[in-house]
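Annotation comment: TrEMBL describes 245, 288 as active site. Marked as compositional bias 'Basic and acidic residues' by TrEMBL: 315-333. Annotation source TrEMBL lists domain 'CARD' at 7-97. If you look up TrEMBL, you'll see 165-292 marked as domain 'Caspase family p20'. The domain 'Caspase family p10' annotation in TrEMBL covers 335-430. Annotation source TrEMBL lists region 'Disordered' at 295-333.
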């Protein structure tokens, strides 16, 4: 029966005994799954089932459930996949454990059946632990509803927000970049931001479109097509989110080419997008606006540091000389002049303009900016306009700190900001639909 399970006992013990750390730190992404598929450890159906799990912890748990049953090479293939996806600390953890645990290489006759059902038993035994790990995921508390009294007392100073759905939302997320552009890392944790925003906007009653891993030109086409959708005429507002690596004034396509934010705002201005005239247009940019990059840091929330080695990354490219400084200065100047002239726009940036700071991203929980935006909107959208919500987001991010042991920049700070040309208060008035 041990042969049916496939994995050596000390290898199963290594997975089982270190399951808490693995579930906390493991990032199950497409590359890791592809490595296991290429080695014949996972079938296509297994891979699809794992990636269909809605949370990163869910993906990790299901993978750990399957591995002990996938043959004698499953453990070594898993360790190789960890190394290929830059999760060497987990590989070392498992290998060190097996070296110390070889005394268990001769299993007793009473063990095999029990070991074969370890994954299911672990799921039951560690139920409370799994709930705790899920609590580390982005906030999923329901958006609080707006009351009729609040709506009636604030609607006269606010943009109309009565349509159902409220509007269209577009999320463009670039996680994996062409291998030729090796200075642009895989944005591990980006899938968490995607899911966080999708759920948030759907709960705010937006129709959400998500597009992943686009070249700069494909991003331009997608944005132009979105801006011209006729449904905008029926709805009260719109949202555009760009998640990628970036520099001041631009974000990267997967081909390493830059998409200028000034051009993005122009696509939605009153001249080029008449269907959205006098309607609020919200932009959220999760990308760096400088070139400084800090890989693999532990996160500090206030004074308490969570134990997540290798979880924090930045959304800047690694190249220091690639982008022309004069062009960046010109981009800053255009944004400074033009954005306020485009009415009814508000844009939240993950980092400050004009500073070479990296937008911090936790590979398990998502970016700091998206985490705080999600939390603040869920908690305050029922009675707070968006500009004040973004002020709260700025304050929360200011209090956060990253820690990168052994790096040149031991402590990492981030500060977000927003730019607004709104003419009225922008309330979501969540879950309230007046008759007129």
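Here the Cβ of each residue, glycine as well, is placed from N, Cα and C on the backbone.
Here the C-alpha separation of residue 245 (active site) and residue 288 (active site) works out to 6 Å.
All chains included, 29 other C-beta atoms sit within 10 angstroms of the C-beta of residue 245 (active site). Under DSSP, residues within the domain 'CARD' (7-97) fall into helix, strand and coil as 68 helix, 0 strand, 23 coil.
Note on the domain 'Caspase family p20' (165-292): DSSP counts are 41 helix, 35 strand, 52 coil. Note on residue 288 (active site): other Cβ atoms within 10 Å of its Cβ, all shown chains, come to 30.
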